[in-house]
Ligand code: G6Q
């Protein structure tokens, strides 16, 4: 199972030599040497236009990266995923988020069982339920129609639904309220239900395991809130539904499993927003739009599976990420959507990328001797321009950027004197990539009349890599395509680094320690503490602050 050591591969070493040879060459030189670069280093398919000409690569670097991918068996690993092999080796699971958007009639077998048929059975139940709620046929306990939906979940059971709701708000039912609760901080719950009428409020409890501390605490709070307001335990039947793989725990909580929407162990949490975990999305935008989103995912899945490496969008994005991470030593990636509706997209990608590829051992358990997953972060443009872009342009670190923009706005807003605010938005997107790549030399600064003392401060080094992704308009379909692009790019990076991109053991230790700490914080008498001196002191100080003893 374990691959040969990455850094010993001839393809890796060839890339190192090549990076050394071209590493400092400036994007100004690349573009001067090849005036068509901006039209040649472009890949367009499935409704997305990717301009990677401002990445610090040449055709040789791209060729070597593809050779590395071939040496790592990328085409075979892609097939293994699509065939339902247990490629999540540390959890011994298949990884089949692609089955969640496979069209009805397609067959993907896990242990001889066709999972696509199961997927469509759940999608149909979700659609029937969504129609009932949206039409007003589903009534609350007191006979009122549901106007508010509160989705409770955390991590993979929250970030996707929140992001998708925000992204597709323009397509959502504006006469309904959608809110999300994730944090165990009581404030999150309190604010989510603030001002809502319990008689009109439906809770969706989303938890794959149905054992997650935060989600169960919030679900219990929600049940107590509903029952107190509606005065009847039986209200739970009309105001709570569950999305889970764990029917026994759902029943134990008191939700009738007839009101449960299932999914499967082959769907990872952070890859689950297009499963029943997306029930809030379907309630918001309706089944038709939800299916359009799935079709967008599927179009990218097909592209990823069948396009040759040199024309494969996720493969290219993944390989460029490896190049920047390992050969240009860029430790982070900024995701900068110039689209307000994508404001939660960077947060969503943080989990997708960092929980997947933030690993330090190979699939076989050997420590890696190369950097793996970079840090992803970002904010929508143009807001970020007025805060952290300073570091992007003139800081000492290289931060590759992904700019994302659309040809058409969902909310055109004419500007006095001509044009639309959308033109202002996109002008900024395009200008930022240009400024990062080409900068402004000291000579240019001086030639513009800046005095000598200020010139260094006003100089922009440039040569800062970025990619630009454009699509015509943010639709449910385009959103699905865009998410699948990143999902598969993450997979490609994991294949190169020989890590299991689908487990997340790194989140366990903190959870486990918290159990002991909870007991110590809530103990009636001063507990006997046996942690390090810092942890002991923090526990004592918290207890004192809480109890007002300081
Ligand atoms: C995602 C992770 C994690 C998970 C949450 C919620 O890939 O596994 O973020 O989604 O811990 O888990 P449950 O859905 O089981 O409550």
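Cβ from N, Cα, C; glycine included.
Annotated active site, proton donor per TrEMBL: 355, in sequence order. Here residue 355 (active site, proton donor) comes close to 155, 270, 504, 506, 507: these same-chain residues lie at least six apart in sequence, with C-beta atoms under 8 angstroms from its C-beta. In the three-state DSSP scheme, residue 355 (active site, proton donor) is classed as helix.
TrEMBL lists 386 (among others) with the feature active site. Non-local neighbourhood of residue 386 (active site): empty, since no residue in the same chain at least six residues away has a C-beta under 8 Å from its C-beta.
Look at residue 511 (active site): DSSP puts it in a helix. Residue 511 (active site) counts 10 other C-beta atoms within 10 Å of its own C-beta, drawing on all protein chains shown. Look at TrEMBL and you will find 511 (among others) tagged as active site.
Classification of residue 386 (active site) by DSSP places it within a helix.
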